[in-house]
Amino acid sequence: MAEVNLTLVTEFLLIAFTEHPERALPLFHLFLFIYLFTLLGNSGMIVLIRMDRRLQTPMYFLLSHLSFMDICYSSVTVPQTMAVLLEHGAALNYARCVAQFFLFTFFGSIDCYLLALMAYDRYVAVCQPLLYVTIMTQKALLSFVAGSYVAGLLSALVRTISAFSLSFCGNNEIDFIFCDLPPLLKLTCGESYTQELVIIVFAIFVIPACMVVIVVSYLFIIVAILRIPSAGGRAKTFSTCASHLTAVSLFFGTLIFMYLRDNSGQASEKDRVVSVFYTTVIPMLNPLIYSLRNKEVKEALGKVFNRLKTS
């Protein structure tokens, strides 16, 4: 029998977007601008919610945690992407790749759970308005958010342990912007059925489970809105959900494309673009979505600007 020489991988080389060196500097500046805007926008949203009493409601309490997660989520991947662009590739040792994978899964999972909780909040507000205050209490909110963090931690542990129980050998190049599951699976060798099955079960549990909560909540919301007799009343009620629905569509749409499909074959340009969208662009867009499409946030921003003008 012929011996096959397989060298186990001890470090990974990120090479996304390095095939066009002339684009590296413009892309670096673009990523830097997006990252700074993400930090400023989400930090500003958190401060605004803490400062304005009208925004100290269950929905905005959850939104402040979503903004914090977006800062963390983006910080795990964007600085690394900028390093790849500046250095025309970046080497990550095994431990750094594991850490990045774990943190990305941790923050991303919490994002999913928070968006599902926000959908439930909208359901209670629209369908059971008289019970809203008794259901969405401060104690309940803290329990919901704590549960999201614990579930995110468990999800990240299961996914990371399963992914890095695989053997990686031969080529160590990852044509991607960070250590993520689809490109890592392309580097595996040997038997990986059990680990891949656990990873698939994880994806089915986290993404579709959160989507079920969101879809069911919005089905009840739509039914409740259709029962409102006046067109103005229907429009006003729907406007309270429009921002969240937009954020959900963008976030889960890209996650479905990346994780709930066949990932065989080489990473395509489309994969890299989609990964940039959900790791970099969406965290930047969320503050814009919730400020431009939300009357309370716009009024709170107006008050802040007026104070700055008069001071």
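Positions of Cβ are set from backbone N, Cα and C atoms, glycine also.
If you look up TrEMBL, you'll see 41-290 marked as domain 'G-protein coupled receptors family 1 profile'.
Tertiary neighbourhood of the transmembrane segment (27-48): same-chain residues 17, 55, 63-64, 67-68, 70-71, 74, 78-79, 81-82, 85-86, 280-281, 283-284, 286-288, 290-291, 297, 300-301, 304, selected by CB-CB distance under 8 Å and a gap of 6+ residues from either end. TrEMBL lists 27-48 (among others) with the feature transmembrane segment.
Beyond its flanks by at least six residues, the transmembrane segment (60-78) meets 31, 34-35, 38-39, 42-43, 45-46, 49-50, 100, 103-104, 107-108, 110-111, 114-115, 117-118, 121, 141, 144-145, 148, 177-178, 279-280, 282-284, 286-287, 290, 296 of its own chain at Cβ-Cβ distances under 8 Å. Marked as transmembrane segment by TrEMBL: 60-78 (among others).
Annotation comment: TrEMBL describes 98-120 (among others) as transmembrane segment.
Tertiary neighbourhood of the transmembrane segment (140-158): same-chain residues 58, 61-62, 65, 102-103, 105-107, 109-110, 113-114, 117, 198, 202, 205-206, selected by CB-CB distance under 8 Å and a gap of 6+ residues from either end. The transmembrane segment annotation in TrEMBL covers 140-158 (among others).
Within its own chain, the transmembrane segment (197-226) has Cβ neighbours under 8 Å at 109, 112-113, 115-116, 119-120, 122-123, 126-127, 155, 158-159, 162-163, 181, 234, 237-238, 241, 245, 248, 252, 255-256, 259-260, counting only residues six or more beyond its boundaries. Per TrEMBL, transmembrane segment is recorded for 197-226 (among others).
Annotated transmembrane segment per TrEMBL: 238-260 (among others), in sequence order.
What TrEMBL lists as transmembrane segment is 272-292 (among others).
Same-chain neighbours of the transmembrane segment (98-120): 59, 62-63, 65-66, 69-70, 72-73, 76-77, 80, 92, 144-145, 147-149, 151-153, 155-157, 159-160, 163-164, 178-181, 184, 206-207, 209-211, 213-214, 217-218, 244, 247-248, 251-252, 255, 279, counting only residues six or more beyond its ends whose CB sits under 8 Å from a CB of the stretch.
A Cβ distance under 8 Å defines the sequence-distant neighbours of the transmembrane segment (272-292), meaning residues of its chain 6+ beyond its ends; these are 16-17, 31, 34-35, 37-38, 41-42, 44-45, 63, 66-67, 70-71, 73-74, 77-78, 81, 104, 175-178, 180, 243, 246-247, 250-251, 254-255, 257-258, 298, 301. Same-chain residues lying 6+ beyond the ends of the transmembrane segment (238-260) with a Cβ under 8 Å from its Cβ atoms: 108, 111-112, 115, 118-119, 122, 125-126, 180-182, 203, 207-208, 210-211, 214, 218, 221, 225, 271, 274-275, 277-278, 282, 285-286, 289-290, 293-295. In the predicted model, the domain 'G-protein coupled receptors family 1 profile' (41-290) shows an average pLDDT of 85.
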